[in-house]
Each structure stands twice: as C-alpha cells, then as structure tokens.
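Quick notes on the structure that follows.
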Amino acid sequence: MTDATISAAAKGRFLTLEMALILIGIALLILAPFHFYPVFLMKVLCFALFACAFNLLLGYTGILSFGHAAFFGGAAYFTAHAVKEWGLSPELGILVGVAGATVLGLIIGFFAIRRQGIYSTMITLALAQMFSFFCLQASFTHGEDGIQGVPRGHLFGFIDLNQPLNMYFFVLAVFLIGIFIIWRIINSPFGMILKSVRENENRAISLGYSVARYKLAAFVMSAALTGLAGGLKAIVFQFATLTDVSWQMSGEVVLMTLLGGIGTLVGPIFGAALVAALENYLATSEFPVTVITGIIFMVCVLVFRRGIVGELYASRFGKKLESTPEN
Amino acid sequence: MTASLTNTAFGGGQSSPGAGDDQGSRVVLSARGLRRDFGGFIAVNNVDLDVHHAKVHALIGPNGAGKTTVFNLLTKFLQPSSGTITLLDHDITKTDPAKVARMGLVRSFQISAVFPHLTVLDNVRVALQRPGGLSTQFWLPMRALDRLNERAMELIEAVGLQDARNNLAADLSYGRKRVLEIATTLALDPKVLLLDEPMAGMGHEDVHIVSDIIREVAKDRAILMVEHNLKVVADLCDKVTVLQRGEILTSGDYRTVSQDERVRVAYMGTEHE
C-alpha cells in the first residue's frame, strides 16, 4: 500500500499547487477591473461561463450541440423581458432566464439524444434555428430591434448595479458560482458515469446504465448553466437581440471551447478570453475579425489539437499533474 | 493465479452448496424461435437456445453464421423480428438493454470494451457505482466513490491487474484489456454472462489466465460464449451449439458435436484433427 500513500501524497501536492493557481486566478480577476475596461471583462466572463457550460456537454459527455445559442440567447430574452416588462429584480430576472433555458434544454435535448454523432448535432441545429425564427416573429422579442434599454436595477434591492464595479463583482460572483457548479458536476459520481458514456456508450449500457437519461440530464444541466450566462449578459449589456440566438453564436462557442481545450475545466475560459479579446482589438483595426479568428482557429486545430490548455496538460508540466481531478 | 480466484472475489456463493446439482440443470436464459431480418436478409432464423446455471455453453460456427447477432438479440441491443427470450423466468423480449443488464444478463463485446481514458480502478468502479447507488449524485465529491475501492481492488487483484490499477485502460496490452473487461463485468455480479470471443487476439499465456477465470466464474453462473479457439471450447464448455447461416446445425456436448459429420463439413473440417 506504500504505492497508494505515495500517489496520495503526490495528489496532495498537486491539490495545493492547483489551489494556488486558482487563488492567483481569482486575485487577478478581482484586480482586473482596475486595469481593464470592466464591460470588456464582463463580456469575457459571460462567454467563459457559456463555453464552460457548453464543454460540460461536449468535453465530458461527448455530445456536440450546435444549438447552444438557443439557450444563451433565449435566456437573454427571458431575463430582459422579465426585468424590463415585469419589473423583476436582476437576480430574479436571471433565474427566469435560467428556468427558460432549462425548459428549452429539456425539449431540444429530448430529441437530440435520440441520435448519435452528427445526427444529434443536426437536430440541435435545426431546433435552435426554429427557436431563432420564433424569436424573430414573436412580439415580446421586438423582432430586429431586440429588447433594448433593460434596466440593471438593484441587486437584492440595495446594491446599485449601475455602478460598473458593483456590476463587475456581481458578474464575477455568478461566474465563480457557475464554474464551481460545473466543477462539482464533473468531479462527482454522476460525472464519472458521463465520462464512461463519452468513452464507450455501448459498454455503459451493458453495465446497466440507461444512457439516455444521463445524457438528457447532462444536456439540461448544460442548457441551464448556459442560460445563467445568457441572462447575466442581458443584464450587463442591457439588451437582448437576435445575434445571441443565431447559429453563429452556436459556432462561436464551439470555437472557444476547441481553442481552449475540450474536456478541460479551464480551457474554455481561456478560449473565450482569446476570442473576445481578438474581437475587441481587431474591431478597431483594419483586419477583418472573422478572417483572423478563422486563421487562428485553423492553426490551433492543426498545431495543437488539444487546445491551449489541453496542450499544457499534455506537456511536461502537465504530466507532473497527471492525477488532476479534471481527467 | 488460480489461487486468488476465490468465489468471494467474484461475489458469488449465494446459492447453498447442497442445491448444486439442482441448480446445475436450471435454465436461466432461453430463446425460442428467435429470428432477425435485415431487410430481405435473414441473419438469424428459428434459433432455440437454453443456457443453464453453472454451465459454460459455447456458440460456435463459421464467420457470418450470426453468432454476434444472436448475442445482440439476447442482450436486446437488437430487437428480434420474432421469437421470445426469457431470462430467469421473466419475458425480456421487449425489455431495453440497460434493464436487461440490471436484471443480471451482462455481455462483453467482440472488440475489447473498456473505458480507455479512465484508469483501471475507475473502469471497475464505474460498474460498481450503479449497484452501489452512486450514479446520479452530481452534488457529491468524487471521494464518495472511495467506499467502492475495496471491492474494486478485490476484483482487480482476482484478475491480476493490481500493479496497473492507476494506469489508463488505453495503455494496457490487448490481453490485459480483456481481463479488465471481465473484471468490470463481474463487478455487476451477473447471473448470466455472455462473452463474445473472450480469447480473440490473445497470446497463449493470456488464454490460460482467461480460461481459469471463466472456469472459476462459471461455478456459480451461467456463461454463453462465442469462441473460435476449439481447444478452449473442448476444455471449457459443457455444451456446444453450432450455428450455420443463422440456423442451429446441431447442439450437444463437445464430443458428440465434433464427431457430427455435418459439423465437420460445415466448420471444423480438417481444422481440428
């Protein structure tokens, strides 16, 4: 059993190292708004949460959804409507967005998990497009205009979110809670079954797991967390538009996740930051944004297929951390 | 090797020793008039099969005879076009495959079926999670699974993989993957085991190891196996059913079957003696 104790000790060392990295990351995020434009940072955090929620499905269950924009944009609409028309507080508005995304996730997931691989992906795309068309036609979304001028309001009735720093720390808190939930799901007995489904679906069935139920549960969880990101975004930017439900948005989250590293917890965060930063800085330059991100995406896929963080884990540094709870 | 293959390691020993003979003749899995069409092609036709408790039953036949299709039908990975299947006195003709597995009929696959990017320990633990009631808790930490470790290690040691318990299954040799697969299957304490070519692609030594494991496991379980290695079949199996073009050619003990002229022509021919 000496082996076991040694590996436990190594694991303990790793946990402290991981802890240190996490604390440094959180410290940086707390200091960041004093150096960077808070709205940009909030955008990054919203998309990072979106990408992590998406990765829960792609990286840990092996289902590629091309319809996550429906949950992201849908939640943005629901939250915006609830806050602006019903006068709900921002935190309740976001919960309305999460609830809406959960219901959408149940519907789309119910059909998508019936097939595998590309067929499942196409079902998510088709249903998301239907939802996108619904958003174009429905009266509460105001068509091409979207829902504009959503009030940020007061969090819990007394924290004024119109103050940029208040808003930022609220977003940061929601982001950290969201990431914690995802981390917990991945590193749970349930997460273990998801991984086994990803690894070998037929084998999981032959061990007696009703795989469809686990897939649907993962799909709904991913949709709900995506809704959290979408609702948050509606409060931050104070609008909800068709952009967020369009298929390009679904594509963008795939891009972010692949760039950062599928099946790693923090990869999508870096992927989202990279894409958002590129869009931000290239927007004012002469270069066309989509061409540049396209080239970067190609280079990434060709040169480091595991994504930025995935390559890091596979490197010598990462090898030392072999027993990471993420794998 | 065999010394460690105790009944307790495989979780058996529930039946009282005295009832051995009685149990031995008990049919646990049976099929009647099993048939499966693929379009116009009849892959399996009119197959009757009885698998007995504590017996090893071999399903043999030339390539394309429909052996794997029969497996898929029995485990409900495929729905039969007609016929009935009974498992432990329950009609499972319309039951879904995961439910069938939960009822105690567990299969292995022709291509080794492990979870490649999980460790050996995790592979076995995944199988133990469901019976242990630890498969839906998304709010619990991974530590919650540690209480399965003891049982998992028993199974891993019983098949001789203890030195590799923290390795990824993908890094194991082919033979050891198959052995891991058997350990994972046994974790469910199945009543009936369907093994699809458990020895395929194995070296001599591994064949012996797996033969020993199967013999040990069969003391308290029914086993139906597809196998091409006739020496293994002769050694291990109490009953042999020969399948040809989707239909049963003959059935009986190895001696009778191997001397059957039709079987010699159809399958064994000059291959064996």
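Just so you know, glycine gets a Cβ as well, placed from its N, Cα and C.
Here TrEMBL flags A:12-34, A:40-58, A:92-111, A:118-140, A:167-186, A:216-241, A:253-277, A:289-308 as transmembrane segment.
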Range from A:12-34, A:40-58, A:118-140, A:167-186, A:216-241 with the greatest count of C-beta pairs under 8 A to the transmembrane segment (A:253-277): A:40-58
Residue numbers, six or more beyond the limits of the transmembrane segment (A:40-58), whose CB comes under 8 Å of its CB atoms: 29, 32-33, 64-65, 68, 72, 167-168, 171-172, 174-175, 178-179, 182, 185-186, 218-219, 221-223, 225-226, 228-230, 232-233, 236-237, 253-254, 256-257, 260, 262-265, 267-269, 271-273, 275-277, 280
Beyond the flanks of the transmembrane segment (A:167-186) by 6 or more, those residues with Cβ under 8 Å of it: 26, 29-30, 33, 38, 41-42, 45-46, 48-49, 52-53, 56, 60, 90, 94, 152, 155, 159, 161, 194, 221, 225, 228-229, 232, 235-236, 265, 269, 326
Any contact, the transmembrane segment (A:216-241) to the transmembrane segment (A:92-111), with at least 3 Cβ pairs under 8 A: yes
